[in-house]
């Protein structure tokens, strides 16, 4: 099993003081450490902790059975400040151990962290280290996994000491028949064997083999062997050396991979609750623990009455399978199922996966001042803005709104403010608008694979229930608008708001931190829209210069005519333009030059017409272009001038 430890720097005198840890260490736990977790000495000197009975609760009194899986003596009282028999009630009896039932009078929440243990009648192998990938037991013993399994599950004997028998060697596998033959030879009348061979079977034999390993000596030998080997053999040696070095570095012993003691997790983490109809719903772990205790107790009784070896061996195998199912149901052998043929959830199932303890409860905690909604495109937003639904904003910023309502003397207390907020008056919306002004929010899209997966935006109140997102920031989030959801978080402190505004604002994250390439690049319908806006219809006839309705004095007249539906998006027009022009005209000379009597002249190009005075100073320039290109150019120029 694993052992979590750290340096506690908290004040241990006060039971309510939180424990502060410098680090968490996860290593193999020794049998003594597992017993330490569960064993406690009560104030009266009595030692408790071992769970010896498979019972959970008494179905008449509905109270936990003593020495069972929910025992109050081991795990603490079910009700605050009340012992099992009811002799002591109330907080004034804190710390007293009842003389009748032996339960310490304390808070019931201790049942969330007090552990117990089951002392096994025979050692069992830990299924993670036996059947895991890679199998650490097989690597350490330098044996095939199949052979190790044959030993653990009582299919084959292994030679622990060959004795004087020259036909045997250390760790050799023997079937039942082969061992019987060797026994007959060893104990025959004419036998010359003085030192008898010793064989073992089951987890006991495995524990012996692991205990005999001299890790530093084996490590030195492997290092020498690695220098002279290559290919697959070298890779195998390195893998074994790495495991050995880890054991040496952590101070763990290989035999700890075989369990003599099984920890029992606190009862409130595997609860049993009564349903409406009087029936009980219980955690699957209780069934798995019950199987282990039943088989363990049965094995203990069989050993006491000196039952035949074959029966004891079968019971040991069943105990091994029960512990396997408890630790990792389905890893080996037949999966243990409950009602409706549903596989029971083991300790591993509770820890691993998306719904496991780490990802669900420790890494992915629910936080206050956060929300979640579907995202839709907000093309009218600025790049540093996002559309926040009013319904969501009023909930997220409620404390700020209440504070401002009271400060502005609109209401007198929090209760009145909440009533006003529920009605969603215009007054409230006005205050909300003031609150969110300049208060950035964080948007996050899972999975957050790089730092641009969470960015800050200025919220803009919008109707509806969807968050509006600027289309250009989608590549950074790897988001699209086919039903993606995003989470909203509100930075509360001034420091957090400042950090969000300076470091995390979307307009400050234009380049990818990984490659230095721009991460804000238009794509899909943005590119298509720009293409459609600036494309032309070659077949359309181009107007003559000065043609009525198609020659304009400036770009604003063009946009005004388009807005009034007098011209289309792809209509060819002449427009006067005073800015710089970069022409991609292939010919370097104008098509035609018209000279006037006063010495002024006009150059005619394919897409432009320029008039100069006699001193060659530009008088006017008209461009032949489309309405869409004028709109595009004006938008870009306005953005540049605004900045």
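Including glycine, each Cβ sits where the backbone N, Cα and C put it.
Lifted from Swiss-Prot, the feature list:
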BINDING   83, 85, 98, 101  Zn(2+) binding site
BINDING   480, 482, 484  Mg(2+) binding site
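Location within the structure of each feature annotated in Swiss-Prot.
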{"residue": "83", "record": "Zn(2+) binding site", "contacts (Cβ under 8 Å, 6+ apart)": "72, 77, 89, 98, 100, 101, 103, 104, 105"}
{"residue": "85", "record": "Zn(2+) binding site", "contacts (Cβ under 8 Å, 6+ apart)": "98, 100, 101, 103"}
{"residue": "480", "record": "Mg(2+) binding site", "contacts (Cβ under 8 Å, 6+ apart)": "474"}
{"residue": "482", "record": "Mg(2+) binding site", "contacts (Cβ under 8 Å, 6+ apart)": "none"}
{"residue": "484", "record": "Mg(2+) binding site", "contacts (Cβ under 8 Å, 6+ apart)": "374, 375, 445"}
Listed in sequence order, residues not in 83, 85, 98, 101 with Cβ within 8 Å of the centre of the Zn(2+) site Cβ atoms:
84, 86, 87, 88, 99, 100, 102, 103
Per 10 Å Cβ neighbour count, which of the binding-site residues 98, 101 ranks highest?
98
I want the residues beyond 480, 482, 484 whose C-beta is within 8 angstroms of the mean position of the Mg(2+) site's C-beta atoms, in chain order.
375, 479, 481, 483
